[in-house]
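This report refers to the structure that appears directly beneath it.
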Amino acid sequence: MTHTRTATLVLGARPYGEAPLDVLITEGRIAAVGDAARAQAEQLHAEQPEGLRTLEAEGLIMLPGMVDLHTHLREPGREDAETVETGSRAAAKGGFTAVHAMANSSPVADSAGVVEQVHRLGRASGWTEVYPVGAVTVGLAGERLAELGAMAESSAQVRMFSDDGMCVHNPVLMRRALEYVKTVDGFIAQHAQEPMLTEGAQMNEGDVSAILGLPGWPAVAEESIIARDVLLAQHVGSRLHICHVSTAGSVEIIRWAKERGIDVTAEVTPHHLLLTDELVRGYDPVYKVNPPLRTSADVEALRAGLADGTIDIIGTDHAPHPTQAKECEWSAAAMGMTGLETALPVIIKTMIATGLMDWRRFAEVTSIMPARIYRHAHQGRPLEAGEPANLILIDPESTQVVDPAGHASKGRNSPFRGMELPGSVRATFLHGHPVVLDGELNTPLTHPTPETPAREVSA
Amino acid sequence: MRHLLSTADLSHTQALSILDTAEEMAAVSTREVKKLPTLRGRTVVNLFFEDSTRTRISFEAAAKRLSADVMNFSAKGSSVSKGESLKDTVQTLEAIGADAIVMRHWASGAAAQLAASDWTDCAVINAGDGTHEHPTQALLDALTLRRGWSAAQGQDPRGTDLTGMRVLIVGDILHSRVARSNIWLLRTLGADVGLVAPATLLPVGVEKWPVSVYYSLDEALGSGPEAGPDAIMMLRVQAERMGGAYFPTAAEYTRRWGLTDERLARLEAHRGAAGQTPMILHPGPMNRGVEISAAAADSPMNQVLDQVSHGVSVRMAVLHLLLSSSERNTA
Ligand SMILES: [Zn+2]
């Protein structure tokens, strides 16, 4: 339980890719920045020489720890696919200091008991912060509201509710859910998929599905739900978050909604920023995902939407599956891709290397905005003295060939297998403790963090 | 050519090679001794995840005429959740010593996945995968069409293609693996292809396909004596599409897209460039009274029985070309 070294002096890292600075991290916070960091570190060193770790970080970029609002950790129920422990390790390695575990576990996280279990497991693992997402409806069945109040008041303090995997398609139920979460200061994250329009759907409906003879998942099935829900959110004055936006039309609708002042936020996955339905031509189920990979025109629109702020955040939709769930016929295969350990390089490739955004914007979409959507007080904070030290160091110049066998996640279903991607996470600090060093898992955080996360008071 | 997975990836040369070999095989079938020794000692497995007695028997007859050993493996309902995986099934067949796997599968792409996997070294022949392709059906249709087209021009069919031939494909294009395979192969062979269907049974994006699209069969049949197709292929209407979701009623379908007696009369009156009457094709089994009238089904213009015998010739050709050229790697 004792950490001999409790302070870290990071030398010469470039915050947000800007001018190099020294940063001193102690007691879970950024203690000092710049010349003050060195001075304080020297003082610490004099008092307790073995208590200070020095990290040469020349050429590395310092960013706030990434926050994923869309993670499937599979526990309880599918521990063969992932556990909170393995998923947390994957998160830390990928540069995430907080993840939000979707509710489609078994049993479904639709009660205080299940969300508290996931929350406890996350705290015990200590690699990243784990926040359970509560189900909107009992059993994700879309029929009646789950006990949102009980989950909100539980020790997990759930504020984000989603039936992800399923769409809350009943318009009356969706309206009530949007209204009800106002009473617990929460928000609804919608998996936008009109079920009747996507019965048996296997891939994006378009030129490729027509040739492959696979039932299509039309863009309109996503767009019609988003259009309905932004209007519902406006009508009842509630907060709505759209999961994994995948089409150009959805970007247009969200842009329109934001122009009208509707309180909607939106997310895009790394895979939807890079991959297209052309990859399905070989029928390799590693490319099967929901919503499906779309066209290059959609990819362009999603990138533009993320760059201009129409899309607020990156969500990985990390969805590990056991090998046999992908080693089968396309139609029988499970939907989903791993994403925690490839998110950063994919965003660099699609958004930074293309010049579409800078590192400030990178920090916004991966950390600041997701933390703000959840109203976390200690995630997504500025890289300034006094702030909580949830941060990462990345090497933007390195490249890696993706090898899922080396991933900390149990899932091997990475669609980026074999691709050469730019950038890598060198260190991840969770409450000032380096859970990742030199690009490898170090040790988990073992000293307790506050039982109930501090939260901003909502306006 | 190591596998036959789809007609989309068959070149003109490969397609002609299969059709010309099939003509040789057809000649064998008319001899007193119908067997060739080519594939003696080789094993062909018919792996059927979906019932299709017609297709299985056709492949079985083809393999036996080439003296291959044939095993039939029915694996209905196999999937991850229930029973054995495709991988395990195929590895079992591999261990038994199969040289070729003829696979019918309910899942689109299953044959392509098998060929791309390291589960087997067998030659893979797609005998119909989901709503994707059914390449040997298209090849037998092409053999049938080429015979008629070349005969009308007084030519030996061997070495010729279908340049200039006008072929209409009528019915459920969206869910038809037969249609997909036919469209790509007919285009490769130089035919002009017209699709005729209600908009609900055409895939999204069909306007980008190298075909003409008609919602009206009457329009597609043309009006003057110069217009009209050289062949018309009627697709079977599946019972599960008739519930009002894709078109209102079977009766409305027949009125608008069926080969009725009146439309048969128009076809009979039509003469192609060489004075020939159009050919009627159907992959079978026919729904008499729905997509095709009894008179059209029994018309001498209907090639359905020739299609069946051509099926054996084409499948012999495919097995011969895939298996006799390469020795099995027994390492
Ligand atoms: Zn989802």
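Any Cβ shown, glycine's included, is placed from N, Cα and C.
Automatic, uncurated: that is what TrEMBL annotation is.
Quantities reported herein were computed from a predicted structural model and do not represent experimental measurements.
Here TrEMBL flags B:2-146 as domain 'Aspartate/ornithine carbamoyltransferase carbamoyl-P binding'.
Residues or ranges marked as carbamoyl phosphate binding site by TrEMBL: B:Arg54, B:Thr55, B:Arg104, B:His134, B:Gln137, B:Gly284, B:Pro285. DSSP assigns B:Pro285 (carbamoyl phosphate binding site) to coil in the three-state reduction, placing it in neither a helix nor a strand.
Counting only same-chain residues six or more apart in sequence, the Cβ atoms lying under 8 angstroms from the Cβ of B:Arg236 (L-aspartate binding site) belong to B:Gly171, B:Asp172, B:His282, B:Pro283, B:Gly284, B:Pro285, B:Met286, B:Asn287, B:Glu291. Per TrEMBL, the feature L-aspartate binding site maps to B:Lys82, B:Arg177, B:Arg236.
Across the domain 'Aspartate/ornithine carbamoyltransferase Asp/Orn-binding' (B:273-321), the model assigns an average pLDDT of 92. According to TrEMBL, the feature domain 'Aspartate/ornithine carbamoyltransferase Asp/Orn-binding' maps to B:273-321.
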Note to self: So, three-state DSSP: helix, strand or coil for B:Thr55 (carbamoyl phosphate binding site)?
What the structure shows: helix
Item checked: Max pairwise CA distance, angstrom, over record-listed carbamoyl phosphate binders B:Arg54, B:Thr55, B:Arg104, B:His134, B:Gln137, B:Gly284, B:Pro285 -> 17
Margin query: Return only the integer: C-alpha distance in Å from B:Arg177 (L-aspartate binding site) to B:His134 (carbamoyl phosphate binding site).
Written below: 5
Notebook entry, point to check: Whose Cβ lies within 8 Å of the mean position of the Cβ atoms of B:Arg54, B:Thr55, B:Arg104, B:His134, B:Gln137, B:Gly284, B:Pro285, the carbamoyl phosphate site, other than those residues?
Noted result: B:Ser52, B:Ser58, B:Gly128, B:Val178, B:Pro283
Check: In DSSP terms, helix, strand or coil for B:Arg104 (carbamoyl phosphate binding site)?
Finding: strand
Check: What are the DSSP helix, strand and coil residue counts for the domain 'Aspartate/ornithine carbamoyltransferase carbamoyl-P binding' (B:2-146)?
Finding: 61 helix, 27 strand, 57 coil
Item checked: Nonlocal residues around B:Arg104 (carbamoyl phosphate binding site), in sequence order (Cβ under 8 Å, 6 or more apart) -> B:Asn46, B:Leu47, B:Phe48, B:Phe49, B:Glu50, B:Ser52, B:Thr55, B:Arg56, B:Ala127, B:Gly128, B:Asp129
Margin query: Comparing the binding-site residues B:Arg54, B:His134, B:Arg177, which residue's C-beta has the most other C-beta atoms within 10 angstroms in this structure?
Written below: B:His134
